[in-house]
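Enquirer: Got a structure for you, written out below as structure tokens; questions coming shortly.
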Amino acid sequence: MAKQIVFDDDARGPLLAGVSKLARAVRSTLGPRGRNAVLDKGWGSPKVTKDGVTVAEDIELDDPFENLGAQLVKEAASKTNDVAGDGTTTATVLSEAIFREGLKMVATGADPMALSRGIQKAVDTAIAQIAKMATPINEKSKSDIKQVATIAGNNDPQIGDVLADAFTKVGKNGVITVEEGRSNETYVDVVEGMQFDRGFLSPHFVTNQDEVTVELDDCYILLFEEKISNNKKMIPLLEAISKAKKPLLIIAEDTEGEALATLVVNKMRGILSACAVKAPGYGDRRKAILGDIAALTGGKAIFKDLGIDLESVKVSDLGRAKQIRITSEATTIVGGAGKKADIEGRVAQIRREIEATDSDYDREKLQERLAKLAGGVAQINVGAATETEMKERKALIDDARAATQAALEEGIVPGGGTALLRCRAAVEKLEKATEGDQKLGVRIIRNVLDQPMRAIANNAGLDGAVVVNRVLQMKGKTEGYDANADKYCDLVAAGIVDPAKVVRTSLTNAASVAALLLTTESLVTEIPVEEEPAGGDHHDHGMGGGMPDMGGMGMGGMGGMGGMGGMGGMM
């Protein structure tokens, strides 16, 4: 496939045009008075959203060079969303502003590489200021969490209430999932203890016939990595547990054949209350989860590489739990008898693995394991009147959840673009201490720190420049403009706050992408191929000169059939 190449200003011009188109579409959604964007999905009903990253991800431009710029900025928005869960619109607005300011400097002869280094220095300074400004929030305070969640949820107090309820129930280490509900109400379901998606292997184990569940109190738990099919190896252990008059849960790769039949018969005869479920996960992940359950219940996971046979397993090797509830689809362990030190050690190990992994999938699975050990699992069931509203609301709550999690991690700063604006003084100080073209790079960041506030004010129907100047004249570090109430006030006291992690990530990713764009000297894309029309009329001789008479097969030639009405005689 042939390629087309452009250089220098011919490359940077289309890049800026593409970035500007994307930023203009996304910018209009910023702030409490931001406007909606309507996205045509090509099927079903159109999607109405105020979520910046959703708008950005839907944009593809015709011009291949412009599209390169748009796609790079889209990546900044997506990365911000992945890391912090919010701040995607801010990242897009800042990317465009930094790139636009940088191009002005390049046009006057500045070295793009020196500009890039200056930009990075200024960003590091601003990030240090954001960290100083950040105030930790109390994870047990429902009102603190509600403030952050309400702002992240587009100033919807119901979203704030629901997320505050979820976080106070499971803590910052808990997992909160957002699912589509089956009613108009939005509510939280909390699963206490450890739950995994494996159900009973036989309906004969059921103890509660009304709810079709197995309920085992003060229960022993056998954790076995391999399949169990030989009942002879299992009988010594079953006899010991039967004497103790306690129920037994077997978690193994599978329990089948004679072994399963023995458990069922003993259960039905009232000799031993038992149940068997398959171990969750596969391969190394299964080993890890069995290790988690062992820590939680104070038992020992019997792995095949330990060389321990089922016959030699003692009652002291088993875990214990106050209550176990098993449905056909899931097992929940509540009140494990594990030592606190062992559980905390396991939690610390999982946290180290989370920090070390580069895989988003692995990180998500590790966080699920962490939640089941350290917190709990809360499911938010989203209710709405229509499917379109449901999808929009679900996306909004999911973003607000991630932003609230970010606030619990790194604290909060004044919202409404104020935190970035308050970094300007420190960046100005750095500018005075920097020389050459790097000084111009620092100046670029100084000039763009007001852009998010300008966009919020413009969307609220005010002059952004006037609002920025008014806020700069205010002496309090937490004072700024509340676009929702249309007033100037102490934003933290009014509950207008942003997670520090969101602000930091937005600026970092925006500067990274803008610096890449500024140091671009050439663009290479495939030459667009114009597609042939799908069908031609009877004058189209595209089939080649060898078959000229095929023109008569055009739709016009079907008139000779006398019209479909003539088929009436066949009825």
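Every residue, even glycine, has its Cβ placed from backbone N, Cα and C.
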Enquirer: Same ATP site as THR29, LEU30, GLY31, PRO32, LYS50, ASP86, GLY87, THR88, THR89, THR90, ASP498 according to Swiss-Prot: which of GLY174, GLY181, GLY416?
Expert: GLY416
Enquirer: So if I draw a 10 Å sphere around the Cβ of GLY87 (ATP binding site), how many other Cβ atoms end up inside it?
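Expert: 32, counting other Cβ atoms within 10 Å of GLY87 (ATP binding site).
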Enquirer: For the binding-site residues listed here (THR29, THR89), which one has the lowest count of neighbouring CB atoms within 10 Å of its own CB?
Expert: THR29
Enquirer: Note down the number of other Cβ atoms within 10 Å of the Cβ of GLY416 (ATP binding site), including every protein chain shown.
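Expert: GLY416 (ATP binding site) is surrounded by 26 other Cβ atoms within 10 Å.
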Enquirer: Using DSSP and three states only, what is THR29 (ATP binding site)?
Expert: coil
